[in-house]
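Q: Sharing a structure, written as structure tokens. Questions coming.
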């Protein structure tokens with residue numbers, strides 16, 4: 001009887017170890033080189049030789065089509081009917097950051113570690129707490145200080161009766177710094193925490209760069225690998241306490 005229990009426990013430990021390793025391997029694969037299940041994303045990333053202007057850094061491997069990249073540069077485009085000029089004309093210095101933000105969101109295949117499922121009519125997945133390099137966030141905030149807005153969360157709460165977003169009743173237009181007093185407030189609050197201000201700098205391999213030189217390769221590939229491996233490893237190592245407990249029971253039975 002003791003021998004049978006020993007064999008059963010041994011098989012259980014081996015099975016749990018195999019399952020943990022399998023989950024880690026599967027998770028690592030699904031977190032890398034993937035596209036979100038969202039409104040305009042391709043099903044799988046691939047080359048797009050004619051990506052437009054600010055979206056062109058992703059042309060060798062992209063989740064967006066050429067048409068999507070062109071629309072990302074337009075005011076009130078068909079993508080989301082979003083009006084950047086809802087409180088007067090947004091400065092070109094500020095708008096380029098929102099265009100780049102749109103290109104990153106639509107085109108990047110390196111956001112897998114931060115993709116979350118959502119129950120929304122226009123998308124099934126979103127990104128959450130993507131660690132944005134501190135310089136990119138700071139520059140975005142600095143370049144938008146002379147532009148105006150009427151809300152701190154641009155994901156919801158707009159008046160869409162005209163077919164595009166307008167300020168809701170009672171919302172007043174103020175400089176960006178009124179609604180976003182810090183760079184962290186801008187990057188983290190504007191899209192419902194899609195981004196999180198990172199303490200890491202560009203080139204560290206630990207934060208996502210909104211801007212990069214494609215001639216030097218895409219630095220976000222390394223960043224995605226780092227976080228995917230960290231997440232997968234956490235899942236695997238999380239099973240060790242239970243495995244150790246079972247092993248102790250096994251040793252007790254054998255003795």
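Glycine is treated like the rest: Cβ placed from N, Cα and C.
Since this is a predicted model, take the numbers as computed values, not measurements.
Residues annotated as folate binding site in Swiss-Prot, with similarity to another entry given as evidence: 101, 105, 122, 123, 124, 125, 126, 155, 156, 157, 158, 159, 160, 194. Under the heading disulfide bond, Swiss-Prot lists 35-63, 55-103, 64-107, 87-173, 94-144, 133-207, 137-187, 150-167. Per Swiss-Prot, the feature N-linked glycosylation site maps to 67, 159, 199. Look at Swiss-Prot and you will find 232 tagged as GPI-anchor amidated serine. Among the features that Swiss-Prot reports, signal peptide is placed at 1-24, with the record citing sequence analysis.
Explain the structural surroundings of these features, please.
A: Summarising the environment of residue 126 (folate binding site), the number of other Cβ atoms within 10 Å of its Cβ, over all protein chains shown, is 21. When secondary structure is read from DSSP and collapsed to three states, residue 126 (folate binding site) falls in the strand class.
Counting only same-chain residues at least 6 apart in sequence, those with a Cβ under 8 Å from the Cβ of residue 63 (disulfide bond) are 35, 36, 41, 42, 45, 106, 107, 108, 109.
Reduced to three states, the DSSP call for residue 103 (disulfide bond) is helix.
Counting every protein chain shown, the number of other Cβ atoms lying within 10 Å of the Cβ of residue 87 (disulfide bond) is 20. Under the three-state DSSP scheme, residue 87 (disulfide bond) falls in the coil class.
Within the same chain, residues at least six positions away from residue 94 (disulfide bond) with a Cβ under 8 Å of its Cβ are 143, 144, 146, 147, 176. Secondary structure at residue 94 (disulfide bond), taken from DSSP and collapsed to helix, strand or coil, is helix.
DSSP classifies residue 207 (disulfide bond) as coil under the three-state reduction.
Within 10 Å of the C-beta of residue 187 (disulfide bond) we count 26 further C-beta atoms, all protein chains included.
Non-local contacts of residue 167 (disulfide bond) by the CB criterion (under 8 A, 6+ apart in sequence, same chain) comprise 86, 87, 150, 151, 158, 159, 173.
Packing around residue 67 (N-linked glycosylation site) is summarised by its Cβ count: 14 other Cβ atoms lie within 10 angstroms of its Cβ, all protein chains included.
Secondary structure at residue 159 (N-linked glycosylation site), taken from DSSP and collapsed to helix, strand or coil, is strand.
Around residue 199 (N-linked glycosylation site), taking its Cβ as the centre, 10 other Cβ atoms fall within 10 Å, counting all chains.
In this structure, residue 232 (GPI-anchor amidated serine) is part of a helix by DSSP.
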Q: Tell me, if you would, which residue among 159, 232 (recorded positions) has the fewest other CB atoms within 10 Å in the structure shown?
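A: Relative to the other recorded positions in 159, 232, 159 has the fewest Cβ atoms within 10 Å.
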Q: So of all those recorded positions, 67, 101, 207, which one's Cα sits nearest to residue 187 (disulfide bond)?
A: 101
Q: Determine the Cβ neighbour count for residue 156 (folate binding site): the number of other Cβ atoms within 10 Å of its Cβ.
A: 7
Q: For residue 137 (disulfide bond), which residues in the same chain are close in space, meaning a Cβ under 8 Å from its Cβ, but six or more apart along the sequence?
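A: Those within reach of residue 137 (disulfide bond), by Cβ under 8 Å and sequence separation of 6 or more, are 183, 184, 186, 187, 195, 197, 198.
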